[in-house]
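Visitor: Below you'll find the structure I mean.
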Amino acid sequence: MSYKMSRAAYANMFGPTVGDKVRLADTELFIEVEKDFTTYGEEVKFGGGKVIRDGMGQSQVSREGGAVDTVITNALIVDHWGIVKADIGLKDGRIAAIGKAGNPDTQPGVNIIVGPGTEAIAGEGKIVTAGGMDSHIHFICPQQIEEALMSGLTCMLGGGTGPAHGTLATTCTPGPWHIARMIEAADAFPMNLAFAGKGNASLPGALVEMVLGGATSLKLHEDWGTTPGAIDCCLSVADEYDVQVMIHTDTLNESGFVEDTIAAIKGRTIHAFHTEGAGGGHAPDIIKICGQPNVIPSSTNPTRPYTQNTLAEHLDMLMVCHHLSPSIPEDIAFAESRIRKETIAAEDILHDIGAFSIISSDSQAMGRVGEVAIRTWQTADKMKRQRGRLKEETGDNDNFRVRRYVAKYTINPAIAHGLSHEIGSLEVGKRADLVIWNPAFFGVKPDMVLLGGTIAAAPMGDPNASIPTPQPVHYRPMFGAYGRSRTNSSVTFVSQASLDAGLAGRLGVAKELVAVQNTRGGIGKASMIHNSLTPHIEVDPETYEVRADGVLLTCEPATVLPMAQRYFLF
């Protein structure tokens, strides 16, 4: 005779199941479990008196015989493809299976074999997401990487060489010598890393040199001169060598207007950074570019979401980042031309309708590297409060909105930059770069961060205590962040052309070098999952009002946000 449990008792023991709802942090976002892969009555759970014991939920199968290295039990998966409850099996640093774990000798429907060589991570009552990707990094200081890891990021893409003034302003690692030094430095960090070369040139030779030196992408930045000639040259090299191009356009409209930039792009795929414009770009109407089918638009997190303090902090931030002087009137005018409440408010709505595809940081260069997830979910919460349910929702939940927003910092940047064959989603065969969250701290403070199936970071109590929980509890690197485990648990992405040219042998780095792929004509705005809308955008040159397909886009600034001071008292 089967034993019946109440929903509350079941959720307390094994986590939520189909029909149960979970609140994300202190937001107004509620997700509902769409599917549960378990067999009721056959759930596996680790602990004293629990199921994963020899002859019960643990089989006699060896690793060679098919048992996984790690099982995450009864996890609530939140990804672009769905919100489901499942066990997750990890093997060889990758996601081996999603489904039902246990002992096939004693349990039905098992597709994840637990054996004597299997470690267990308790996922009951936890949320698991793919590791986040930040595709707009100024590599100003190496300490950013630890900050990013502890926030739930597992991949960082961008450019720089340290606190040089070129790096303070632009996401470029200029030249093959600097790129080589950065690839060598990558061995020191538990993080998947990728470096962008400088894309500003009117002749291809120096750009080709950087791609062959390991650049995964090329960055066009106005501070180096983003002219129509440079745009055309850079995209031509990218098309030949299969690397992405990111663009920060000409705020001052010196070499042309947004229409001239669109013409120079010639319909080729390009990733437009901070497409709203506060981070830089044709003033006041660069935001129009988000309606182009070949343009992948993204935001940086200082404008996410629009609040009563957004405008005030931007002026000083901009003056510092772009080497401007408050004593020069032209510099002040340059800065003020980029900061417009109307376009920032419209940016909120364009994210909510899926017209902006990616959210990133702009680390230490008008952006906060540890707040990519926080700012994403604050935007989602603000839009739910102001705009209500999305028309795409099918139940009494926010599942579609959550899937849309999680895609903005996981799968979509991975697709845009040719990394989605390795990272960006929680799918079988991809790298086991995972983040485990307590729902009450979702998006704010992870419970655990895995890189290549190895625990790289987690909050940890006093190491001298008798148990792991006594205060002070703070984030610490774990074993995956040390020694050869570090270099075997993460990778450095490079161009295929650089690998073909023998880069790995020349540099002799410890980390695996993995090539980016499919960054050009095979992708575009339509490839951005849940974020592919291409509305016709108009900007009033006098009032800066933004319209999408004729509809005015405006919203009030937030005065209070979730995931803020309540979580950072200490």
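Placement of Cβ uses the backbone N, Cα and C atoms for every residue, glycine included.
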Visitor: In Swiss-Prot, the residues His248, His274 are said to bind Ni(2+) 2. Which of Lys198, Lys219, Lys341 is said to bind at that same site?
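Guide: Looking through Lys198, Lys219, Lys341, the residue Swiss-Prot assigns to the Ni(2+) 2 site is Lys219.
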Visitor: Among Asp352, Asp362, Asp381, Asp396, which residue does Swiss-Prot annotate as binding Ni(2+) 1 together with His136, His138, Lys219?
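Guide: Between Asp352, Asp362, Asp381, Asp396, Swiss-Prot records just one in the Ni(2+) 1 site with His136, His138, Lys219, namely Asp362.
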Visitor: Output, ordered by sequence, the same-chain residues six or more apart from His248 (Ni(2+) 2 binding site) with a CB under 8 Å from its CB, or 'none'.
Guide: Thr170, Lys219, Leu220, His221, Glu222, Asp223, Thr226, Phe273, His274, Gly279, Gly280, Gly281
Visitor: Residues near the Ni(2+) 1 site, His136, His138, Lys219, Asp362 excluded, by Cβ within 8 Å of the Cβ center?
Guide: Ile137, Gly158, Gly159, Thr170, Thr171, Met246, Phe273, Thr300, Ser360, Ser361, Ser363, Ala365, Gly367
Visitor: Return the residues near His322 (active site, proton donor), defined as same-chain residues 6+ apart in sequence whose C-beta is under 8 angstroms from its C-beta, sorted by sequence, else 'none'.
Guide: Ala169, Asp223, Gly280, Phe334, Ala335
Visitor: Quiz question: given the binding-site residues His136, Lys219, His221, His274, which has the greatest number of C-beta atoms lying within 10 angstroms of its own C-beta?
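Guide: The residue with the densest Cβ neighbourhood is His136.
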Visitor: With every protein chain in view, what's the tally of Cβ atoms within 10 Å of the Cβ of Asp362 (Ni(2+) 1 binding site), excluding that atom itself?
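Guide: Cβ-Cβ neighbours of Asp362 (Ni(2+) 1 binding site) within 10 Å number 29.
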Visitor: Do any residues at least six apart in sequence from His138 (Ni(2+) 1 binding site), in the same chain, have a Cβ closer than 8 Å to its Cβ, and if so which, in order?
Guide: Gly158, Gly159, Gly160, Thr167, Leu168, Ala169, Thr170, Thr171, Asp362, Ser363, Gln364, Ala365
